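Colleague: Sending over a structure as structure tokens; questions will come in a sec.
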Amino acid sequence: MVLLPGSMLLTSNLHHLRHQMSPGSWKRLIILLSCVFGGGGTSLQNKNPHQPMTLTWQVLSQTGDVVWDTKAVQPPWTWWPTLKPDVCALAASLESWDIPGTDVSSSKRVRPPDSDYTAAYKQITWGAIGCSYPRARTRMASSTFYVCPRDGRTLSEARRCGGLESLYCKEWDCETTGTGYWLSKSSKDLITVKWDQNSEWTQKFQQCHQTGWCNPLKIDFTDKGKLSKDWITGKTWGLRFYVSGHPGVQFTIRLKITNMPAVAVGPDLVLVEQGPPRTSLALPPPLPPREAPPPSLPDSNSTALATSAQTPTVRKTIVTLNTPPPTTGDRLFDLVQGAFLTLNATNPGATESCWLCLAMGPPYYEAIASSGEVAYSTDLDRCRWGTQGKLTLTEVSGHGLCIGKVPFTHQHLCNQTLSINSSGDHQYLLPSNHSWWACSTGLTPCLSTSVFNQTRDFCIQVQLIPRIYYYPEEVLLQAYDNSHPRTKREAVSLTLAVLLGLGITAGIGTGSTALIKGPIDLQQGLTSLQIAIDADLRALQDSVSKLEDSLTSLSEVVLQNRRGLDLLFLKEGGLCAALKEECCFYIDHSGAVRDSMKKLKEKLDKRQLERQKSQNWYEGWFNNSPWFTTLLSTIAGPLLLLLLLLILGPCIINKLVQFINDRISAVKILVLRQKYQALENEGNL
């Protein structure tokens, strides 16, 4: 078994810490857990790096208003568009410019009302740049500018280049990009800033006169900028024009990452297929048809700012109702039911009468390396993105398909290594049917070719199997049979992964191939098991995400206790039977039984009746009266000793009396003989 690294670290057993914690420590722990569970949403670090999300690049002015943005659905840190904010939109509401009364909303209009020339002449001199009338905007387009960064500077550079009062360009050599002739083409900054259009002065004047704002910038990300992960907090620059007075503006670039956009509410054909909650996992519901995204249409009322921005791809999402999440009992029972369907398709004889048990502590899943065929796709809907990543598999076995730079400690899991074609358009690498990618960054249903780094990361295609233990029917009956006391042997358990491998082929390594290409019953069982696995992984990931910012040891303890509480509720509710630290469900050919404790009681009663029929009349005394056995074993010794004394006592006493009388008679005879011998001697004299 191999531990596949991930962001969620598994720690050793921490039960000894519980006995060392005082009541005050428990109070602090409860407060900490309340803060963790009641905190905000999941951070970006908890997300699957291959999962597409809504990325919004924003350009903010000095006033903090968003003057330009663009959106797309892509994996994080893979989409680097060209940003095109207008200079006059950045200068709106600034007292240092000639449009202090123009807010951001008016700057986004098709043709904002120009200030009257009388007021404009008071603010700027003839021949100066500005935003209040067409000629001033046109002169701006032909001017040179330079850009200085605020972030990423050392203390000495910050003192030398100044702050907002100088737009971070207090001295020369602080600028990093721009249109100046003295600037190098290769920028050492995170971005490069140029003019978006290079038209002649006359054409520029006509364009500025017709469309209002006409000075969009062209901001591109450098290779250094694409490696930075600090765009979420935003980075700020100062832009100054190489003209008299060096006027300028400040702008901030920020990335906003959110989940997939919510679907609209309305009539849809998929609603017809929805019914009451399913009572069986025999077949999954049919997938709704996917619709191609409609082409984006230009808006006749769009501004020059809007037309210069990149139009994001619009995707039509299938409407679904917000169904409540499954309860703990339904989720765990569906997991057992899916395991039964898969096991019944591979080894029907094993499911005639048995118990399938869920363990309280991790690991909850084990993986078998798979060698199924993979496919490339640009359709992100083909991936099961509902399940987050960042989960670690502690037990991976078998031989399967690997990609990336596999370390020496994991090469025995690979019988084939695949190279990813990362060039070209962005694509997703889909695993074979019912498979996952177990990567060094965590568990993921799909791989993004733009995110995956072949020189650093590695992934193994695996078949996920829940850690479910198999016991024959007699094991639970013996564990709960208190009417027949005897020394019980330790129960021998088999995991579901071992049973699937033994039921299909002779080994787990080759058995994984049969899991991919099996009969129709097996495919249906695997589909049902996959649905249950997805629901359970989502619940586990939610627990990990809420606790990720806390101590790793605390996360593991709470996560283990959380599954233990789930199983405890099932056991106390009579839905499963407890065997050591496992929650067991009764299985027969009809499937998993929800009321397993009731089924166990029926089995025990039936076994008791059969045993009573085969017993003699005196054997029933010991079964009907347990105290009689204890009383008899207590007084049996003294009774046997008393009986022996009564039987053998008279004989022993008689023998002893006879022996004493014999000895007394012998003594008397000796005394008489001595007297008679003396008289005889006297007569002879």
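Including glycine, each Cβ sits where the backbone N, Cα and C put it.
The shown structure was predicted, so the numbers you read here are calculated from the model rather than taken from an experiment.
What Swiss-Prot shows for this protein is this:
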| type | residues | note |
| --- | --- | --- |
| COMPBIAS | 299-309 | compositional bias 'Polar residues' |
| DISULFID | Cys148-Cys169 | disulfide bond |
| DISULFID | Cys161-Cys174 | disulfide bond |
| DISULFID | Cys354-Cys357 | disulfide bond |
| DISULFID | Cys576-Cys583 | disulfide bond |
| REGION | 276-309 | region 'Disordered' |
| REGION | 492-512 | region 'Fusion peptide' |
| REGION | 559-575 | region 'Immunosuppression' |
| MOTIF | 576-584 | motif 'CX6CC' |
| MOTIF | 676-679 | motif 'YXXL motif' |
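On this model, are these features tucked inside or out on the surface, and what's nearby?
Modeller: Sequence-distant neighbours of Cys169 (disulfide bond) (same chain, six or more apart, CB under 8 Å from its CB) are Tyr146, Cys148, Cys161, Gly162, Glu175, Gly238, Arg240, His246, Gly248, listed in sequence order.
All protein chains included, Cys174 (disulfide bond) registers 21 other Cβ atoms within 10 Å of its own Cβ.
According to DSSP, Cys354 (disulfide bond) sits within a strand segment.
The secondary structure of Cys583 (disulfide bond), as reduced to three states from DSSP, is extended strand.
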Colleague: When the Cα-Cα distance from Cys583 (disulfide bond) is computed for each of the disulfide-bonded residues Cys174, Cys354, Cys357, which gives the smallest value?
Modeller: Cys357
Colleague: Given Cys174 (disulfide bond) and Cys357 (disulfide bond), what distance in Å do their CA atoms have, once rounded to a whole number?
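Modeller: Cys357 (disulfide bond) has its Cα 67 Å from the Cα of Cys174 (disulfide bond).
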Colleague: Applying a 10 Å Cβ distance cut-off over all chains shown, what neighbour count does Cys357 (disulfide bond) have?
Modeller: 26
Colleague: Considering every residue in the region 'Immunosuppression' (559-575), what is the mean pLDDT value?
Modeller: 56
Colleague: Give the helix, strand or coil assignment DSSP yields for Cys148 (disulfide bond).
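Modeller: DSSP call for Cys148 (disulfide bond): strand.
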Colleague: Mind giving me a neighbour count for Cys161 (disulfide bond)? Other Cβ atoms within 10 Å of its Cβ, every protein chain shown.
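Modeller: If we count other Cβ atoms within 10 Å of Cys161 (disulfide bond), we arrive at 22.
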